[in-house]
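*Asks:* Sharing a structure, written as structure tokens. Questions coming.
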């Protein structure tokens with residue numbers, strides 16, 4: 001029987017070739033076989049460790065069930081003619097030879113297996129003991145290591161919560177971005193092309209795939225192998241020193257540096273070559289040792305009457321060997337009953353180093369000791385890292401706010417050198433850089449440095465005036481470019497007839513560069529852009545559409561009014577997902593792609609207008625029409641009555657003021673009528689007519705009339721209050737407004753009102769676009785929203801009117817006290833005084849209603865200027881509901897007071913007539 005047939009024979013019987021792990025087992029088996037007193041060739045389940053995925057084990061012996069053969073004790077007894085041989089492994093034709101005669105026996109093909117049943121079939125077997133690790137005394141950390149809350153030590157650039165993973169899943173693809181700063185939670189992180197995973201920058205271009213789509217490795221370009229590392233690892237592009245080739249460890253990621261280092265061996269003789277110390281003993285590994293096996297042992301000394309393993313080891317149950325902690329849960333059976341591989345799903349190792357993407361833990365003595373113990377070799381790869389002074393470091397990711405010798409750190413993958421004064425010329429030797437930030441470093445040009453792996457470049461807040469295609473060609477893998485805050489004059493200019501394209505560009509930040517007009521055709525050189533940021537540029541016009549950027553998903557133009565844009569600006573973007581804008585019109589369904597979620601369009605809410613109409617609410621529309629009709633008809637009727645019916649009254653000073661007040665209130669009605677007509681004219685299509693309307697002459701006239709009416713009315717009511725105060729305070733003197741004086745005062749008021757309303761139209765203030773801020777053509781300073789000319793609006797409509805109404809309030813107090821005292825006054829001219837008192841009573845009603853209309857506006861303006869949040873809807877409510885209310889009510893208040901006065905006089909006249917008739921009747925009697 002050949003060896004491999006012996007192996008199959010054992011399997012057919014539900015077992016496997018026998019393993020002998022203790023001295024007692026060896027003695028028992030050999031004694032039993034010798035007792036048969038016949039020549040017998042016995043195949044044991046012993047082979048090489050070629051199938052073990054760790055080079056750490058070298059070519060140690062392994063039993064058939066995968067248990068490493070740490071104890072092999074066979075002495076040839078010449079008189080017994082017994083041959084013990086390891087079984088043949090057909091894959092690599094290796095055989096463990098315990099006896100020199102095994103070669104001849106193998107050639108004859110005569111043998112018999114020694115089988116044993118698998119442990120799963122042994123009835124009544126005990127449950128394997130759980131192995132507990134000693135908390136190590138040596139826990140000294142290196143710079144690249146941190147201790148997590150569970151006590152385990154790991155690499156500083158990994159997240160403690162995800163230490164066993166290579167790539168971490170992003171919680172959000174659009175709004176949440178992968179971590180891009182260095183902090184205690186790991187990072188910074190490189191986003192995989194799938195946009196679902198991210199990995200620490202240190203693990204990018206490390207010749208090992210961490211992203212599921214391999215996007216962390218497929219773009220990498222490595223420098224040539226020269227100098228101290230002249231040997232190249234084939235397709236992996238790793239460079240090795242001469243002494244690392246065939247040194248017993250897999251330095252190349254694919255292991256090719258150890259693949260052809262020895263010739264093929266048919267038999268591995270162990271007899272006389274392998275010195276096994278029976279357990280308990282301390283097992284050590286050294287695959288670089290020039291011996292047949294990578295395993296060596298030392299005797300375990302007795303301490304205080306017992307054997308205690310060092311804290312870098314654990315003991316296999318049952319008095320077994322002391323095994324290094326790094327063989328616990330490594331997928332290889334090291335203890336005879338496989339106890340070292342039990343409970344691995346809940347295995348933790350406080351005080352030890354946890355290998356990346358593995359359950360394997362290392363004692364501090366085995367980290368950075370020159371031997372690879374971790375599957376991904378991370379226990380040795382980052383030992384040479386040191387952090388420059390005043391820098392924050394996480395693996396190959398540095399954040400340095402000051403100058404430092406960056407050329408000494410050729411392995412850097414991420415560098416945040418903001419405010420450091422470094423420039424691109426300093427990065428000549430850092431060809432592996434993937435992310436670079438030199439924001440606020442005073443750069444005036446790109447220099448002439450080629451960084452083939454650079455994907456993210458932050459040049460924000462420097463002094464760049466131009467960015468040409470030639471500058472960007474130095475970075476063949478560039479995906480994200482940040483140019484925010486540079487005084488750019490020229491963007492993506494080319495010096496030749498051929499315009500180089502940049503198909504890998506993913507995001508472009510051109511915010512805060514003071515760009516007033518955006519020409520989309522410039523961006524066609526980057527056809528695969530997904531994220532564009534033009535925020536806070538004040539862009540007023542966008543020329544062209546984004547159809548040439550079919551993959552665009554995010555556009556940020558907040559802080560840009562964008563008054564002019566084409567109707568199909570965004571309509572053809574099938575993958576568009578989010579928009580940040582200043583103009584609400586860009587968030588209208590007609591301006592967005594079909595199927596776009598309106599919730600993902602973030603723009604200030606227009607309190608006045610909607611996408612379809614100038615007035616967004618039917619309630620506003622009804623109230624505006626009502627107030628316009630009342631203001632126009634009421635004031636016109638009141639004026640006609642005063643001119644043609646109450647001629648004598650109109651000639652007095654008070655009558656003159658009231659007549660001019662009617663005219664100013666009528667002007668407010670004209671303003672409301674213009675707004676109403678514009679709303680009706682643009683109903684259903686206001687989205688595309690908004691800009692034309694707000695910048696039209698009609699809107700400017702409407703705003704002018706509104707401000708004119710407001711200020712003239714306020715001054716005239718103030719003059720009326722002063723006139724009545726003088727009439728009551730000095731009833732028998734001529735110290736009050738005559739008809740001529742009142743006309744002069746009204747003329748001055750109108751001139752002042754015209755001047756106040758015309759200031760925003762002057763050439764020096766035309767850039768305010770004062771009357772073009774909203775669709776209702778009058779910007780009230782009652783919210784925190786800032787606009788050009790807000791200070792002027794606040795000064796006129798809040799401060800000036802507050803002073804006027806303060807004077808009115810003082811005058812009304814004096815008038816009220818005069819009315820109270822007039823009831824006790826007697827005199828020959830009491831009828832005139834009584835007339836003045838009656839006029840003053842009517843004035844109080846008008847003044848109080850005016851005050852109640854203006855008080856909310858002034859109060860909200862003061863609150864907004866103090867930083868109090870005032871809802872934006874208040875602006876339109878003040879302009880449409882509160883501001884014109886007194887203009888609509890005043891003429892009816894005049895009429896009501898006049899009607900009540902007439903009824904009072906008629907009643908008094910009837911009483912006088914009745915009294916006279918009674919006196920005549922008494923005299924007749």
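Glycine too: its Cβ is placed from the backbone N, Cα and C atoms.
Note that TrEMBL annotation is computational and uncurated.
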*Asks:* Out of 569-590, 591-612, 657-678, which range is noted as transmembrane segment by TrEMBL?
*Replies:* 657-678
*Asks:* Suppose you had to name the range TrEMBL annotates as transmembrane segment; which of 723-742, 743-762, 763-782 would you pick?
*Replies:* 743-762
*Asks:* Using the alpha carbons only, what distance in Å do you get between residue 205 (disulfide bond) and residue 383 (disulfide bond) once rounded?
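*Replies:* Residue 205 (disulfide bond) to residue 383 (disulfide bond), Cα-Cα distance: 18 Å.
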*Asks:* Can you grab the distance from residue 246 (disulfide bond) over to residue 220 (disulfide bond)? Cα atoms, rounded to a whole Å.
*Replies:* 26
*Asks:* In the domain 'SWIM-type' (372-411), how many residues does DSSP put in helix, strand and coil?
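*Replies:* Within the domain 'SWIM-type' (372-411) the tally stands at 7 helix, 6 strand, 27 coil.
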*Asks:* I'd like to know which of the disulfide-bonded residues 246, 261, 349, 368, 383 has the most other Cβ atoms within 10 Å of its Cβ.
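*Replies:* It comes out as 349.
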*Asks:* Take the transmembrane segment (657-678) and find every residue of the same chain, 6 or more past its ends, with a Cβ under 8 Å from one of its Cβ atoms.
*Replies:* 614-615, 621, 624-625, 627-632, 634-636, 638-639, 642-643, 650, 693, 698-699, 701-703, 705-706, 708-710, 712-713, 716-717, 719-720, 723, 737, 742, 745-746, 749-750, 753, 775-778, 883-884, 886-888, 890-891, 894
*Asks:* Between the Cα atoms of residue 344 (disulfide bond) and residue 361 (disulfide bond), what distance do you get, rounded to the nearest Å?
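*Replies:* Rounded to the nearest whole number, the Cα-Cα distance is 11 Å.
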*Asks:* Specify the nearest of the disulfide-bonded residues 220, 261, 329, 349, 361 to residue 368 (disulfide bond), where nearness means the distance between Cα atoms.
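*Replies:* Given the candidates 220, 261, 329, 349, 361, the nearest one is 361.
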*Asks:* Including all protein chains displayed, how many Cβ atoms other than that of residue 205 (disulfide bond) lie within 10 Å of its Cβ?
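*Replies:* Step by step: centre on the Cβ of residue 205 (disulfide bond), count other Cβ atoms within 10 Å, giving 23.
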*Asks:* Looking at the disulfide-bonded residues 261, 329, 383, whose Cα is closest in space to that of residue 361 (disulfide bond)?
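*Replies:* Going through 261, 329, 383 one by one, the closest to residue 361 (disulfide bond) is 329.
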*Asks:* Which of the listed disulfide-bonded residues (220, 329, 344, 361) has the least company, meaning the fewest other Cβ atoms within 10 Å of its Cβ?
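*Replies:* Checked 220, 329, 344, 361; of these disulfide-bonded residues, fewest Cβ neighbours within 10 Å: 344.
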*Asks:* Going by C-alpha distance, which of the disulfide-bonded residues 220, 261, 329, 383 is nearest to residue 349 (disulfide bond)?
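*Replies:* Minimum Cα distance from residue 349 (disulfide bond) across 220, 261, 329, 383 lands on 329.
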